[in-house]
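Take a look at the structure set out below.
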Amino acid sequence: MQFYAIASLFLAGTAFAAPATSPNGYDACPDGGLIGTPQCCSLDLVGVLSGECSSPSKTPNSAKEFQEICAASGQKARCCFLSEVFTLGAFCQKPVGVTA
């Protein structure tokens, strides 16, 4: 029974999180549902687990702009999974074109 509850949360999170693509075609997180949600995160543990993540204030048009949007609030640009379900912890990776 617990499996169905966890599976439902997973599906709700991936369905709710539509990837944000800018008008010029920049897609920071092209992986789609799994690690496809652009987020600004303040904690980064071992480059995989991030915490205190939130959506960027606007859709970034480039990797540089994505970094600048997140840096304005002291956070790092990341592509995350489960960030809507677990706001204090998400599995993340660096977005396309982001080096730091």
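Just so you know, glycine gets a Cβ as well, placed from its N, Cα and C.
What Swiss-Prot says about this protein:
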type	residues	note
SIGNAL	1-17	signal peptide
DISULFID	CYS29-CYS79	disulfide bond
DISULFID	CYS40-CYS70	disulfide bond
DISULFID	CYS41-CYS53	disulfide bond
DISULFID	CYS80-CYS92	disulfide bond
Count of other CB atoms lying within 10 Å of the CB belonging to CYS53 (disulfide bond): 26
Position of peak Cβ density within 10 Å, selected from the disulfide-bonded residues CYS70, CYS92: CYS92
